[in-house]
Ligand SMILES: O=C(CO)COP(=O)(O)O
């Protein structure tokens, strides 16, 4: 599966800890991330990650482009609900595209836990069927 990992600055420690905890599961998939999140995951969670631009420089849009091509199977986006982001329109667009393409999206750690356990259990196999039918 192709999995996107994204975190705003105040949530970066959370996504690093989450990724360490689920390193064994995540490492079995193709991982993509916005720039700074991806760097921390490479350095601190020992994961191989394809890094896009940093979020404010277009990284959310690059991940959105993969969603629009139906190439992303799961998005884990640890959002900071307390800090205004200069690229808020990009964030809104990314979330909207998840809804357009019915891509499972977690915007907080609680949902991410549920989705990653579903991933481990094989709940995402329907994504392969959708991709094969295209
Ligand atoms: O801003 C972001 C998501 O909207 C995340 O970008 P970085 O991972 O580069 O900090």
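Note that the numbers count up from 1, one per residue, in the order the chain is shown.
Just so you know, glycine gets a Cβ as well, placed from its N, Cα and C.
According to TrEMBL, the protein has these features:
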- 1-134: domain 'MGS-like' (DOMAIN)
- 8, 12, 34, 35, 36, 37, 54, 55, 87: substrate binding site (BINDING)
- 60: active site, proton donor/acceptor (ACT_SITE)
Residue 60 (active site, proton donor/acceptor) as reference: those binding-site residues from 8, 34, 36, 54, 87 with C-alpha within 10 Å of it: 34, 54, 87
Out of 8, 87, the listed binding-site residues, fewest other Cβ atoms within 10 Å surround the Cβ of 87
Mind giving me a neighbour count for the residue listed as 'active site, proton donor/acceptor'? Other Cβ atoms within 10 Å of its Cβ, every protein chain shown. 28
Could you check the binding-site residues 34, 36, 54 and say which one's CB has the most other CB atoms within 10 Å? 34
Could you tell me the maximum Cα-Cα distance in Å between the residues recorded as binding substrate, namely 8, 12, 34, 35, 36, 37, 54, 55, 87, rounded to a whole number? 17
Should residue 36 (substrate binding site) be counted as helix, strand, or coil on the basis of DSSP? helix
